[in-house]
Amino acid sequence: MKVAVIGAAGGIGQALALLLKNRLPAGSDLALYDIAPVTPGVAADLSHIPTPVSIKGYAGEDPTPALEGADVVLISAGVARKPGMDRADLFNVNAGIVKSLAEKIAVVCPKACVGIITNPVNTTVPIAAEVLKKAGVYDKRRLFGITTLDVIRSETFVAELKGKDPSDIRVPVIGGHSGVTILPLLSQVEGVEFTAEEVEALTKRIQNAGTEVVEAKAGGGSATLSMGQAACRFGLALVRALQGEEGVVECAYVEGDSEHAPYFAQPVKLGKEGVEEVLSYGELSDFEKAALDGMLETLNGDINIGVEFAK
């Protein structure tokens with residue numbers, strides 16, 4: 001099993017690489033790529049960690065050696081948010097980066113499962129899809145927007161509020177991966193009751209959690225460490241499913257059969273080909289129904305921007 005981390009010298013990429021070096025199954029190959037010349041050094045540093053995962057780093061303009069033979073590609077390349085920016089401000093730089101990487105993937109490893117971390121995910125996933133479609137290699141089962149950060153934040157904040165162990169909390173998060181498009185389904189959290197005020201406050205906090213970190217870092221970056229953990233959780237789930245484990249379910253932003261938008265985050269069952277089944281997100285509360293209706297114009301607008309950009 002070969003996993004490639006693209007954008008591996010950045011804050012998310014280094015955190016993700018560290019976690020994968022420690023947690024990938026024995027015998028896995030981990031390839032790191034970044035345009036930054038430090039990347040082979042990041043791999044050298046990580047190679048000293050005594051786990052049965054081989055690691056190589058590649059720098060420069062061409063990601064081909066990292067992508068060759070990859071089963072899973074995790075893309076975190078791009079610029080990070082600074083105070084005052086929202087995820088849409090990142091579009092101007094990051095859209096071009098994702099487009100050129102998708103063009104490479106289409107040639108070098110068209111059968112790989114590709115997880116996109118690079119924001120704005122609502123828009124970068126449709127860009128990658130359009131590029132892969134043009135190249136005639138698109139398989140909607142193998143392209144994911146990684147929204148797991150919204151899930152782990154939801155689990156953490158619910159556990160904090162209710163005095164629970166976070167590992168016992170499961171919160172499906174649907175929609176997209178920015179602002180109002182993030183919808184945690186708090187009505188579905190088992191064994192926990194919320195007041196209407198708690199639901200509203202928690203939902204807002206989960207939606208604005210990225211900004212919370214950007215402001216707390218005071219210009220020194222965005223959510224890199226928690227995003228590394230989230231991407232690792234999703235990446236490992238994908239690896240387990242590709243290796244034949246049954247019943248692996250995570251939320252992800254995929255092109256499914258959603259009635260709401262061409263791309264939509266919801267629980268997906270993972271299997272040997274990527275997405276085995278897009279699962280129903282179940283019954284919504286009145287608050288959640290209203291929030292879903294209220295986000296769709298924004299989400300569909302984000303998707304259209306990506307489709308137009310890739311034309």
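Cβ atoms are placed via backbone N, Cα and C, with glycine included.
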If I go by Swiss-Prot, which of Met227, Met295 binds NAD(+) at the same site as Gly7, Ala8, Ala9, Gly10, Gly11, Ile12, Gly13, Asp34, Asn94, Ile117, Thr118, Asn119?
Met227
With NAD(+) as the bound species and Gly7, Ala8, Ala9, Gly10, Gly11, Ile12, Gly13, Asp34, Asn94, Ile117, Thr118, Asn119, Met227 as its recorded binding residues, calculate the greatest Cα-Cα distance and give it in Å as a whole number.
18
Check the Cα distances from Asn94 (NAD(+) binding site) to each of the binding-site residues Arg81, Asn119, Arg153 and keep only the ones within 10 Å.
Asn119
Hey, of the binding-site residues listed (Gly7, Gly11), which one tops the CB count within 10 A?
Gly7
Give me the Cα-Cα distance between Met227 (NAD(+) binding site) and Arg153 (substrate binding site), rounded to a whole Å.
10
Taking only the recorded positions Ala9, Gly11, His177, which one has a CA atom nearest to the CA atom of Asn119 (substrate binding site)?
His177
Proximal but sequence-remote residues of the same chain as Thr118 (NAD(+) binding site) (Cβ under 8 Å, at least 6 apart):
Gly7, Ile75, Ser76, Ala77, Gly78, Asn94, Ile97, Val98, Thr124
